[in-house]
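Novice: Supplied in structure tokens, the structure appears directly below.
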């Protein structure tokens with residue numbers, strides 16, 4: 001690491017799935033600083049808007065919590081309308097000098113919608129109802145798509161199994177898994 005660089009904090013696999021009118025979102029608990037694991041049980045997901053949504057984050061923790069707080073404010077302002085709150089947060093993220101510097105991504109699920117709000121302020125709604133962010137996201141996404149196609153597992157089990165698979169592959173993902181369902 002060069003003197004003028006901050007240590008890179010890598011952590012997290014967050015995945016959410018919608019199936020049969022139920023949604024689940026989960027994450028691992030590992031946080032690393034550079035090449036060292038500094039915490040095994042970080043909580044990276046939380047329920048929002050009276051328990052009707054679950055959101056998870058990847059990236060710098062303080063930045064992500066700031067964004068989650070802003071997102072909750074938008075949800076309250078727009079009566080829980082997920083799309084509208086996400087677009088308004090993304091708009092603020094792109095235009096506000098302070099927010100533009102935040103390094104985080106959000107994944108959000110409700111019983112019928114899954115969204116990613118990217119670090120560039122984009123709002124992405126995947127066609128298959130699966131959202132994945134973080135260092136192990138592509139492993140978890142591949143596992144979830146396969147399980148959706150070839151099993152009848154409920155959303156919560158798909159999330160759990162996908163995170164276990166990602167933990168077996170990604171060195172920045174562990175098996176201290178938390179899953180919430182709506």
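Including glycine, each Cβ sits where the backbone N, Cα and C put it.
What you are looking at is a predicted structure, and each value in this text was computed from that prediction instead of being measured.
Grabbed the feature section from Swiss-Prot, which reads as follows:
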- 12: active site (ACT_SITE)
- 167, 170, 173: Na(+) binding site (BINDING)
Novice: Taking only same-chain residues 6+ apart in sequence, whose CB is under 8 Å from that of residue 173 (Na(+) binding site), what do you get?
Specialist: 12, 13, 28, 30, 134, 135, 136, 139, 163, 166, 167
Novice: Show which residues of the chain containing residue 170 (Na(+) binding site), separated from it by at least 6 in sequence, have their CB under 8 Å from its CB.
Specialist: 13, 135, 136, 139
Novice: Determine the minimum-neighbour residue: among 12, 167, listed as recorded positions, which Cβ has the fewest other Cβ atoms within 10 angstroms?
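Specialist: Taking 12, 167 as the recorded positions, the minimal 10 Å Cβ count falls on 167.
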Novice: Hey, for the Na(+) site built from 167, 170, 173, who else sits with CB inside 8 A of the CB center?
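Specialist: Those within range, site residues removed, are 13, 28, 30, 135, 136, 139, 140, 163, 166, 168, 169, 171, 172, 174, 175.
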